[in-house]
Structure formats: C-alpha cells, structure tokens
Amino acid sequence: MSHSASPRPATAHRSRDLTGDIRIPGDKSISHRSFMFGGLASGETRITGLLEGEDVINTGRAMQAMGARIKKDGDTWIIQGTGNGCLLKPEAPLDFGNAGTGARLTMGLVGTYDMETTFIGDASLSKRPMGRVLNPLREMGVQVKAAEGDRMPLTLHGPKVAAPITYRVPMASAQVKSAVLLAGLNTPGITTVIEPVMTRDHTEKMLAGFGADLTVETNREGVRHIRIVGQGELKGQTIDVPGDPSSTAFPLMAALLVPGSDVTIRNVLMNPTRTGLILTLQEMGANIDILNARLAGGEDVADLRVRASELKGVSVPPERAPSMIDEYPVLAVAAAFAEGETIMDGLEELRVKESDRLSAVADGLKANGVDCTEGEASLTVRGIPGGKGLGGGTVATHLDHRIAMSFLVMGLAAEKPVTIDDSAMIATSFPEFMDLMAGLGAKIERS
Ligand code: S3P
C-alpha cells in the first residue's frame, strides 16, 4: 500500500499532564510471524492481540494468496494453514506495501519452492536492500530476478530440491537470520545460521513452539548456532500477542518529556532482545516502574508506569543497538531535552530502514533547533532541558512511521509546535496512535 498519493501533515503542540492507563497494540514482529507460521502449519492457529496494522495485514494477504485460509471471529484470528512444504504459487505479485519484515521473511519462506513468486512494495520498500536475504537464498539454489542493486520488484524461483547451508549473518539482522531459517523449513537436512550478535529471537522461539526441530547453542563468545531440520511438520498453535515495545516507546517518551505526566502502559513485551531502550532511559534518570513482571505465552511481559522525568545525556554502548534498533529516532528526540550530550554509536543499520533514519532524524532535529552531529554510523545530540527555543520546524518523514511518531512526540514537549509532512503511514504499525495520544491529553492536529 503506498501512501505517497495522499500525504496527511500533522502538527503537535506543547501539552501538559499526560495521564491515563493504556494498552498498546500487539507486537509487530510477533504478529507477522503469527500469520506466517500459522499460515504454513497444518491445522488451526488462533491468534488474539494481533497488530492489525497495514504491514501485518499485507503479510496475512500474502499467506492467503499462497493457500492459507484466514478469518476473524470476534477478537480472534483463525487460520487454517497449508502444511509445511505445501504453499501454493500465488496468482499475482505479493504486495508488501511498506513492510521490510513481511517481504524479507516471506522471501525466505517461499524462495526455495520450485515456483515463481514476485514481490512488490511501496516507494520506501523498493529502495531497501534485499541482497542481504537474496545472497543466502542464491546459495541454496534459488534463482533471482531483481531490480538494480538487488531491490524490489523481484521474482524468486526455487530449485527442484534446495541445498541446506551454513550461513554466518554478516550484519545484526533478525530479518536475515529469519529468512534463512524459514528457507531451511523447506530444505532437506540441516540449515545452520551463525549469529555473532544476538538479535530478536522471535523466529527461533515461535518456530520451536510450532513444533519445528530447532536447536540453539551459544558459545563462550556469545556466538549463536541455530540449527533447523528441514521438512518437518509444523502444527497450529494458540497465540496471544503481547504489546509492542517499539510502539510503546512513543507514549512512554511523551510521558517522560511532557511535564506533569503519569501514564501506565499495560501488557508490554519485555523480551530481553527488545528492552535496550528501557535500560538506556533508566541510565538517563527516567522514572519508569516495571510492574507485574510475568510470563505470558513463553514471553516476558510487564506493565510500565512512566512519570515525567528530568533526563541526563548518556553514551549508549554500540553493542546495545540490536535490542533497541527501532527506538533510536525517539531516543534522539528525548536526548534533545536531556541535560548534556547523548552519544549513540553503532547505528549503521539505521541507514537501511523504512528511510535512512540516521539522516532523517538529524535533519528533523536540526529543522527544530536541536544541536546535533550526524556521523557515518553515529549521532550526537546536545540537549536543552525544558525544550526552550526548540520546535517550529517541519520534518520530512520519507514514508517512515517511526520518524513521523518521534517528531510528533517532540512537538508535545518543545516550546514551539512541530509539523510532520505526512502522518498517513503511521497506520503501517500503529493505527491507534492518534486516538491513543489524544486520550492521554496530547495536542496533535491532523490536516
Ligand atoms: C524485525 C527486525 C529488525 C527491525 C524490524 C523488525 C523483525 O530489522 O528493525 O522492525 O521482525 O525481524 P533488521 O532485521 O533489518 O534489523
């Protein structure tokens, strides 16, 4: 789905006393995988708490186009899967809209099938590098026809029988790890992924839950060897998707930055591969209480009580980047209100997200009076506690939902309003964002 046809600008104004008790929609990573693995497994999968954002809906449509039956009954999504190895050739190109996760994981899922599958997406997704997934698929015997620079639109055609590989993931990417493991599901023998730096582990955990023969070994240096035995049976499961920590970051940060705020956010996924932002904010002096920490469906979950706080600048260790990779834009906004300097390093992956997030954030900050320095893979922000003089600019969002939401949060705390050139694409990951923020007392107007 492309949003470039009808951009919807929005402006956030300085607000006070955000208060409320809210629930965040389901985690995007787990929601994509729920549709994919449910669509592939034999028998019935039932999902509650699914994120109904455009990205995830596109993944559901792709699974339907390949033979899965999906319907919604009340709050529950019910899927009848095809059975592992039994996906059907889609009649039309699979359109993933804005979603890198949907596109890249599905390339792994169907790439090794002896059939043609074509992948298309919006202007943002068509600019993103796909070679990181196509290269291991080529090693497994998949033929690829792609636009220049291994970009979409692209067509995959698997071999008669795919070859299992051992693949060392060259960058910290859960999408690449996952694509290779999913390709291994339709490949005889053992496919091994070597992961030098741990990234979010939803694929490993959920595949094991669906009955895949998958093992993980971590050596003394922390390098993980993930082995999957191909062509086994997957069986439908019941899944309750916890709240998305990456979406949580926006109301959470608004509550920290807007004076007088006190907000409780319920049912947030606290998987340790996703909690880097909370750790960083605690180091910055944020007042965040982690309440009712519990296990739900094999995942750590908690409620967060967040109160307005005076933040101090910190140096964020680069090795923490994989556990907070989607949160840097909103952390950079918080840094603009912190006392002193915040240094973020190890950010090379930010350049290949829905936009080049490093330059989009630096440009947005500068347009709103923030003193910051963009490096090749780093960002340094010098903050102004209280936000005096900040704001007054318009931010180019480049079809990137996290840039859009980050700068709306900035406008709630800055002295002058902050405008974003488009808010329509927020629906890709967080359709409820505007209503939920308004319910807390945030002043955001959409034109
Ligand atoms: C995701 C992995 C990350 C993250 C994205 C979701 C996933 O991407 O940025 O939002 O669900 O596997 P990379 O694998 O490119 O780091």
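Each Cβ is built from the backbone N, Cα and C atoms, and glycine gets one as well.
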Further binder of 3-phosphoshikimate named by TrEMBL next to K28, S29, R33, S173, Q175, K353, taken from the candidates D73, D213, D326: D326
Same chain, 6+ residues apart, C-beta under 8 Å of the C-beta of D326 (active site, proton acceptor), given in sequence order: S246, A249, K353, R402
Counts by DSSP class (helix H/G/I, strand E/B, coil) across the compositional bias 'Basic and acidic residues' (14-25): 0 helix, 5 strand, 7 coil
